[in-house]
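**Student:** Mind having a look at this structure? Questions to follow.
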């Protein structure tokens, strides 16, 4: 198992390096000249050359990429300005450190992702489990119809409807403002409730349908019927012999979905005006702020790759049939 974990971590390093190189080539070689973007179209050629020299853009591409990696690990210098590690450069629009921009907005995205994940996991798994147990009843038909409708509604439509109904008309919730939890826990909860619900609805409906299908398939397996024939209690059989194998695929999908959300829920954060990673990405794309776009891309890739490794390890723990045999 230890060798497997080390091998997976080694694969993570290789994948992240490949993502770094690919992203760097896209944003700094295939995009408009960063020096022209910083200086402006009316800038003199001499000034543009000076900016290129400071940014290291006049060096070979592999040298530039090596400097970028060195900046992440040990920091780097931009002329007379030292960028401490982990250095992801400076914003073309605000001259602010990209790393500080990420760290100041990451807590908002984590709060949105964690809250939504708790909601969709509980609602989806419980709803799907009950529908499987009550297969063919009015509860099952109603729940699956609602799940199909929930998957079909886009996030931005649901967000606008909830804002209009709950904030404008009924005035039962404040407009999301991402306050600090320590300042006012009640206001904090109320501010994040709508983003949580908007993000959770689609995932919860999908997980409910998937859980129902998995549990129904598990209930038809021979080992489940054998356990019932031996007289084991219904709750015990459901917990030990049906629920665990049925939830193994759910754990796999959940890990990837949650890791992706940590990189920023772009649409939800933009609609609600939450200053998270997703809104930062949307604003940076609109302004073509290349260092910030690249940093957000790398952050999202990092979470997805790490999430994939965690999912693999959890999968081996949940399913006894999937065991890593060390040589």
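Residue numbers in this text run from 1 along the chain shown.
Even glycines carry a Cβ here, placed using N, Cα and C.
Copied straight from TrEMBL:
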DOMAIN    106-315  domain 'ABC transmembrane type-1'
TRANSMEM  7-27  transmembrane segment
TRANSMEM  108-133  transmembrane segment
TRANSMEM  145-166  transmembrane segment
TRANSMEM  186-206  transmembrane segment
TRANSMEM  246-272  transmembrane segment
TRANSMEM  292-315  transmembrane segment
**Student:** Report yes or no: does the transmembrane segment (7-27) come within contact of the transmembrane segment (292-315), defined as 3 or more CB pairs under 8 Å with a sequence separation of 6 or more?
**Tutor:** yes
**Student:** Quick one: find which recorded stretch in 145-166, 246-272, 292-315 has the most Cβ pairs under 8 Å with the transmembrane segment (186-206).
**Tutor:** 145-166
**Student:** Among the recorded stretches 145-166, 246-272, 292-315, which has the greatest number of Cβ pairs closer than 8 Å to the transmembrane segment (108-133)?
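**Tutor:** If we count Cβ pairs closer than 8 Å to the transmembrane segment (108-133), 246-272 scores highest.
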